[in-house]
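K.L.:
Please find one structure pasted underneath; my questions will follow.
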């Protein structure tokens, strides 16, 4: 009889382990992976899909199974081990009153140890590491158990919902829990630290989060740096100009940059030139879209995709041209700098010279500088480090140094209030 009871104890521990493994596995498994297995014809995947589609109900089934086996183990385990150990401790000569206490304590420790280690911790570890295999293996038995205990599960869930409502709360299902952006960033950081994703993946996803908060003004090519073609130029003059500038698309202006009429693609100009066609620039000019400089980058990209236009002109609040944005500028916000064969000699946007020591393009965003140097430059009206430096001192030239925010800002290249490059060193730590 004692042997049968010991066997029953280990069976209960085994059943507990199955429910614990099932609980962690169905939470851990990815729905996309299950869908792939369904497409490959795995019948077990259909059962697993049914479970993760009704996750709350099946988690309740797991919890009910764990509770039932735990109660059975508590009812059978300690008395059985106590009867098994009592004769052994009697042989040691321990007086009977103390013998009973010692036997009870040791039996309780043994049952607790077996339950926690074999019934909880070990299956949890296995199911987290092998969530897919465990989910497929346990899916059909768990569905059978759910069907058998369905009335109890419904009664327990209903009672729990009624109880929490009495205290003014609402029951929330697992699939209704929303993860915030900050929580996603923390999960991403932990995955990167554990080596589950590489540095490029970590950087791309972070940039996607930041992308949603960007406005076009922050990534534009400013008005002063726009290479344009005048409508009055001949085809030959325009071609000579694009050979020097080496861009693909150019805004076409009339009189000045506040009057942009359209865009010309260099391919169209070369085609017309080599065919010997006597045409004017307005005949090969394409339409251009104009948007306010504060438009979110995401909205601008959608519009450019919809209208199949690669360049947009940004307009300031007074109606003048503020700058332009290309599709490449937008994509670079996610994937980083894109360089072609004509960009070989360009200085990187941000060049690290040492610890807390950088050389930056004047168009570098203040947010980027703050993140790199762990400082807090604040100016809601200014986007770039060059703009902020001009608020500190309007007449800046190459070689000038400004000390602010615990950093040294040295102007490396500037002309007519246009700061091209600045060297920044953090001096206060």
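The backbone N, Cα and C atoms fix where each Cβ goes, glycine too.
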K.L.:
In Swiss-Prot, which of 133-153, 154-174 is labelled transmembrane segment?
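P.N.:
Going through 133-153, 154-174 one by one, Swiss-Prot gives transmembrane segment for 133-153.
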K.L.:
Identify the transmembrane segment range according to Swiss-Prot, selecting from 101-121, 185-205.
P.N.:
101-121
K.L.:
With Swiss-Prot as the source, identify the stretch among 40-60, 61-81 annotated transmembrane segment.
P.N.:
61-81
K.L.:
For the transmembrane segment (133-153), could you work out the same-chain residues 6 or more beyond its ends whose Cβ comes under 8 Å from its Cβ atoms?
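P.N.:
Sequence-remote neighbours of the transmembrane segment (133-153) are 18, 21-22, 24-26, 29, 34, 37, 42, 44-45, 47-48, 50-52, 57-58, 60-62, 64-65, 126-127.
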K.L.:
Along the domain 'CBS 2' (284-341), what average pLDDT does this model show?
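P.N.:
It averages 88.
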K.L.:
Determine how many residues of the domain 'CBS 2' (284-341) DSSP places in helix, in strand and in coil.
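P.N.:
Computed counts for the domain 'CBS 2' (284-341) are 21 helix, 17 strand, 20 coil.
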